[in-house]
Amino acid sequence: MRVVLLASAVLCLLAGQVLSICSPVDYTLYVEKPECDFCVAINTTICMGFCYSLDPNVVGPAVKRLVVQRGCTYQAVEYRTAELPGCPPHVDPRFSYPVALHCTCRACDPARDECTHRASADGDRCSKPLLLHMHAYPGQSNYIQTL
């Protein structure tokens with residue numbers, strides 16, 4: 001009986017690793033600068049998905065070793081640059097944004113990651129007219145950063 005229980009527990013832990021679905025997904029950023037005339041919709045990818053976590057509801061110093069809290073975060077990122085239209089000559093119209101290339105499940109590191117619990121609901125709104133068709137900045141410099 002104990003062997004069956006132990007085997008079931010091991011299989012559940014392994015299934016949690018296999019079912020950790022963390023991958024790049026399509027996302028639309030709405031970007032505007034106060035000095036420019038338009039809001040721009042930029043299509044990119046972000047890391048999103050499920051990562052295995054374990055947080056036992058038992059209190060004690062030995063339990064801290066059992067806590068596994070990982071989130072879906074960037075493993076490799078490429079930064080791209082877009083040019084925002086309708087900006088006066090004294091304003092830099094360029095905007096750089098991340099594109100997720102590969103994602104991974106790991107504990108959040110505040111020195112490297114943006115560790116937020118909930119995104120703002122206002123992030124998907126524009127206060128200026130929206131332009132839906134955006135072209136990359138002609139002289140854009142893409143660079144890849146592996147985290």
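In case you wondered, yes, glycine gets a Cβ from its N, Cα and C as well.
Counting only same-chain residues at least 6 apart in sequence, those with a Cβ under 8 Å from the Cβ of Cys22 (disulfide bond) are Cys47, Met48, Gly49, Phe50, Cys51, Cys72, Cys103, Thr104, Cys105. The disulfide bond annotation in Swiss-Prot covers Cys22-Cys72 (among others) and rests on similarity to another entry.
Look at Swiss-Prot and you will find Cys36-Cys87 (among others) tagged as disulfide bond. Sequence-distant neighbours of Cys36 (disulfide bond) (same chain, 6+ apart, CB under 8 A from its CB) are Leu84, Pro85, Gly86, Cys87, Pro88, Val91, Pro93, Lys128.
Taken from Swiss-Prot, the feature disulfide bond covers Cys39-Cys126 (among others), and the record attributes it to similarity to another entry. All protein chains included, Cys126 (disulfide bond) registers 14 other Cβ atoms within 10 Å of its own Cβ.
The feature disulfide bond is assigned by Swiss-Prot to Cys47-Cys103 (among others).
Look at Cys51 (disulfide bond): DSSP puts it in coil. Taken from Swiss-Prot, the feature disulfide bond covers Cys51-Cys105 (among others).
The feature disulfide bond is assigned by Swiss-Prot to Cys108-Cys115 (among others), with similarity to another entry given as support. Every protein chain shown contributes to the tally, and the Cβ of Cys108 (disulfide bond) ends up with 13 other Cβ atoms within 10 Å. DSSP assigns Cys108 (disulfide bond) to coil in the three-state reduction, placing it in neither a helix nor a strand.
The N-linked glycosylation site annotation in Swiss-Prot covers Asn43. In the three-state DSSP assignment, the secondary structure recorded for Asn43 (N-linked glycosylation site) is strand.
What Swiss-Prot lists as signal peptide is 1-20.
Taking the disulfide-bonded residues Cys39, Cys47, Cys72, Cys103 in turn, the residue surrounded by the fewest other Cβ atoms inside 10 Å of its Cβ turns out to be Cys39. With Cys108 (disulfide bond) as the anchor, the candidate recorded positions are Cys39, Asn43, Cys126, and the one with the nearest CA is Asn43.
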